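Chemist: Dumping what Swiss-Prot says about this protein:
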type	residues	note
BINDING	His83, His182	heme b b562 binding site
BINDING	His97, His196	heme b b566 binding site
BINDING	His201	ubiquinone binding site
TRANSMEM	33-53	transmembrane segment
TRANSMEM	77-98	transmembrane segment
TRANSMEM	113-133	transmembrane segment
TRANSMEM	178-198	transmembrane segment
TRANSMEM	226-246	transmembrane segment
TRANSMEM	288-308	transmembrane segment
TRANSMEM	320-340	transmembrane segment
TRANSMEM	347-367	transmembrane segment
Amino acid sequence: MTNIRKTHPLMKILNDAFIDLPTPSSISSWWNFGSLLGLCLIMQILTGLFLAMHYTPDTSTAFSSVAHICRDVNYGWLIRYLHANGASMFFICLYAHIGRGLYYGSYMFQETWNIGVLLLLTVMATAFVGYVLPWGQMSFWGATVITNLLSAIPYIGTTLVEWIWGGFSVDKATLTRFFAFHFILPFIITALVAVHLLFLHETGSNNPTGIPSNMDMIPFHPYYTIKDILGALLLILTLLALTLFTPDLLGDPDNYTPANPLSTPAHIKPEWYFLFAYAILRSIPNKLGGVLALLLSILILIFIPMLQTSKQRSMMFRPFSQLLFWTLVADLLTLTWIGGQPVEHPYIIVGQLASILYFLLILVLMPTISLIENKLLKW
């Protein structure tokens, strides 16, 4: 009798995706982040569901309902902080996953890559609307500042902002719709993840060398299931350490003050995972220019397959490209630091230089150095 996992219509899909999937034998721990992102998504949906059972999306009770969750609900404090810090772990895994794709040339699977960029945008949107829900000072002002950026769009900007707000300022209508978005988006993300995997399994995984490995494949189970379990344990350990020892390390103290439209915080800034984009936005003195730079800082990922000039797919054997890649990583860390600093000298000029370098590295320096490396191959 044939095994049920190979004949049952539903089990067959799972079998082909997670059990008998032919996988390159040489993929490193950088390939763990895909499964870790899946784990993060499941954790966020589960903790979010339990939070939604006790949360009230109303301006007069939102803040106190979060306090109620932390004080009165059984293990409510744990669920709340797992959800908040789970978002940080989600973004750490996301950025590592994208970095892996850039380094090893995984972006050459164009459909998978484009769905991935769409996923990144959706996750960022989810995190943004979620940050507004506790209705603290930074929630309110973050929502006001970021939604206000749309007013930079010529002609329709102001109308668009008021339409999103559901009034003339961030108020009850805004909070209610943001809660609705925050609830529905994770399920849209889950559907996109299925499409992401569908496209990936059409081609099979890339590997560190960037060379087709069709002649050297091993089954996903047990080799990579056990490897993914190790990664998952390390992720959960890190998340629990963060949540139980320093739950507020990555949060903003201003969010422990209820939202007050009459009092603006000294420094309005988003969560740490958006700071690099926020720094790029602030480094341009023109509103529309800043918004365009902000958009382009993320959407530039779509153009990366078109900027591939190297004859080799991976950076594994390209030391000059490696140097530029790690310069880009350092540049993004610099932008993240600048995004959290006040707008004053010397941070302004450092932010502007880091922003210019970011676009210069991706659009000019990396494609150029790849061409030079091609020439060196002929020696």
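Note that Cβ sites are derived from N, Cα and C of the backbone, with glycine treated the same way.
How about a rundown of where these features are and what they're close to?
Modeler: Following the DSSP three-state reduction, the secondary structure of His182 (heme b b562 binding site) is helix. In sequence order, Gly48, Thr126, Val129, Gly130, Leu133 make up the list of same-chain residues 6 or more apart from His182 (heme b b562 binding site) whose Cβ falls under 8 Å from its Cβ.
Within 10 Å of the C-beta atom of His196 (heme b b566 binding site) sit 21 other C-beta atoms, taking all shown protein chains into account.
Sequence-distant neighbours of His201 (ubiquinone binding site) (same chain, six or more apart, CB under 8 Å from its CB) are Asp16, Ala17, Leu21, listed in sequence order.
Sequence-distant contacts of the transmembrane segment (33-53) (same chain, six or more residues past either end, CB-CB distance under 8 Å): 69, 79-80, 82-83, 86-87, 89-90, 93-94, 96-97, 100, 182-183, 186-187, 189-190, 193, 228, 231-232, 235, 239.
Sequence-remote contacts of a segment are chain residues at least 6 beyond its ends whose Cβ falls under 8 Å from one of its Cβ atoms, and for the transmembrane segment (77-98) they are 30, 33-34, 36-37, 40-41, 43-44, 47-48, 50-51, 66, 69-71, 116, 120, 123, 127, 130, 235, 238-239, 242-243, 247, 250-251, 271-273, 301.
Long-range contacts of the transmembrane segment (113-133) within its own chain (CB-CB distance under 8 A, at least 6 residues past either end) are made by residues 55, 57, 62, 66, 87, 90-91, 94, 98, 101, 106-107, 139-140, 142-143, 146, 170, 174-175, 178-179, 181-182, 185-186, 188-189, 192-193, 195-196, 199, 270-271, 273-274, 298-299, 301-302, 304-305.
If you look at the transmembrane segment (178-198), the same-chain residues 6 or more away from its ends with a CB under 8 A from one of its CBs are 17, 38, 41, 44-45, 48, 52, 55, 57, 112, 115-116, 118-119, 122-123, 125-126, 129-130, 132-133, 143.
Remote same-chain partners of the transmembrane segment (226-246), defined as residues 6 or more beyond its termini with a Cβ less than 8 Å from a stretch Cβ, comprise 29, 32-33, 35-36, 39-40, 43, 78, 81-82, 85-86, 88-89, 93.
Below 8 angstroms of C-beta separation, residues 98, 102, 105, 107-108, 110, 113-114, 117, 120-121, 124, 149-150, 152-154, 276-278, 280-282, 355, 358-359, 362-363, 366-367, 370 of the same chain, each at least six residues beyond the ends of the transmembrane segment (288-308), sit close to that stretch.
Remote same-chain residues near the transmembrane segment (347-367) are listed as 279-280, 282-284, 293, 296-297, 300, 304, 307-309, 321, 324-325, 327-328, 331-332, 334-335, 338-339, 341 (criterion: CB distance under 8 Å, separation of at least six residues from the stretch ends).
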Chemist: Going by DSSP, is His196 (heme b b566 binding site) sitting in a helix, a strand, or coil?
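Modeler: Where His196 (heme b b566 binding site) sits, the three-state DSSP reduction gives helix.
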Chemist: Let's check the environment of His97 (heme b b566 binding site): how many other CB atoms sit within 10 Å of its CB?
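Modeler: Summing over all protein chains shown, His97 (heme b b566 binding site) has 21 other Cβ atoms within 10 Å.
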Chemist: Quick check: in three-state DSSP terms, what is His83 (heme b b562 binding site)?
Modeler: helix
Chemist: Please give me the CB contact count at 10 A for His83 (heme b b562 binding site), counting all chains in the structure.
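Modeler: That number is 21.
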